[in-house]
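Taking it in order: structure first as structure tokens, then the write-up.
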Amino acid sequence: MGRWALDLAFVWKAVFTLGLVLLYYCFSIGITFYNKWLTKSFHFPLFMTMLHLAVIFLFSAMSRALVQCSSHRARVVLSWTDYLRRVAPTALATALDVGLSNWSFLYITVSLYTMTKSSAVLFILIFSLIFKLEELRAALVLVVLLIAVGLFMFTYKSTQFNVEGFALVLAASFIGGIRWTLTQLLLQKADLGLQNPIDTMFHLQPLMFLGLFPLFAVFEGLHLSTSEKIFRFQDTGLLLRVLGSLFLGGILAFGLGFSEFLLVSRTSSLTLSIAGIFKEVCTLLLAAHLLGDQISLVNWLGFALCLLGISLHVALKALHSRGNSGSKPLKNLGSSPDMELLLRTSQQEDKDNEEE
């Protein structure tokens, strides 16, 4: 009887974990294909991103209100000094990362975007070394080389290569390295109280919106103001369909952040990292099958090298974390470096609430 119960518990845990991974895949892969689909007919990716940020802020505010009503505890609200001096750099880097990524969909395929965006791990490692969040080791040099060579092979003689789109997404990956490093540094400042992901999203979105606005005003403002799809609309039905499509993207973006945290909180950051590797493979296969993206053998070999480098990084992170057994909990947080820290601090916050 005890053996049967143990097997049943194991099966239930495996099924539950698989369900969380699939939920994460639905939001993560879904928003990638959604962005590509929408930019084919709606050529204002920066405006699209800003509207997504507004939706995320709305859902974050609603979630904070619900949590506050249920727990009867006030949520953290930063002072203007802390908000502008300590949160603004992270918000600006995040806004540019997301904005440039969405902008690139005007020019490149989903497969090229996926491959190039996965190189963000390379830049995360570089900036982690600069900010001394990582120690220089031979294994890290090997990881950087594998990802860099893989990226070169994937883009080499690609029949669907676009310089402008590649430059945009590569810039986004570079800024993403700064973004995740700044996010990690921000979340280490326990005095700010932004360890809960909902509080973090709530505080980041307004500054992200303002950070993207000048870029939007320069490159899209005039064209959007004369577009019949938005400001000079003549068909109310078309306007509602466009706004509905944009609102859907905001829901997907909020769901992605929530599903990431849910997966980490119920399993581990290692599970999220491994799931992320297989997610890249699934995205490329779907792009080739559904969108007709052309991927040569050399491109596939380059992608394999890049995944090998990312897998090595994940394995080293897991071994390093196990070796330290919590002695350095703020380092080596992986491809989504805020998630594990958010989990630990949120668990501690829940524990403190129970004690009170």
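Cβ atoms are placed via backbone N, Cα and C, with glycine included.
What TrEMBL says about a protein is an automatic prediction, not a curated fact.
Taken from TrEMBL as is:
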- 12-34: transmembrane segment (TRANSMEM)
- 20-312: domain 'Sugar phosphate transporter' (DOMAIN)
- 46-67: transmembrane segment (TRANSMEM)
- 112-131: transmembrane segment (TRANSMEM)
- 138-156: transmembrane segment (TRANSMEM)
- 168-187: transmembrane segment (TRANSMEM)
- 207-226: transmembrane segment (TRANSMEM)
- 238-258: transmembrane segment (TRANSMEM)
- 297-316: transmembrane segment (TRANSMEM)
- 322-356: region 'Disordered' (REGION)
Residues of the parent chain within Cβ reach of the transmembrane segment (12-34), under 8 Å, 6 or more residues beyond its termini: 110, 113-114, 248-249, 252-253, 255-256, 259-260, 262-263, 266-267, 271-272, 275, 279, 282-283, 286, 290
Residue numbers, six or more beyond the limits of the transmembrane segment (238-258), whose CB comes under 8 Å of its CB atoms: 24, 27-28, 30-31, 34-35, 38, 42, 48, 51-56, 58-60, 197, 201, 228-230
Long-range environment of the transmembrane segment (46-67) - Cβ separation under 8 angstroms, sequence gap at least 6: 35, 38-39, 75, 95, 98-99, 102-103, 198-199, 201-202, 205-206, 208-209, 212-213, 215-216, 219-220, 224, 230, 246-247, 249-251, 253-254, 257
Spatial neighbours of the transmembrane segment (112-131) far in sequence, C-beta under 8 Å, 6+ residues away: 32, 36, 101, 104-105, 140, 143-144, 147-148, 151, 154-155, 158, 160-162, 165-166, 169-170, 172-174, 176-178, 180-181, 185, 280, 283-284, 287, 293, 299, 302-303, 306-307, 309-310, 313, 335, 337
Stretch-averaged pLDDT - the domain 'Sugar phosphate transporter' (20-312): 85
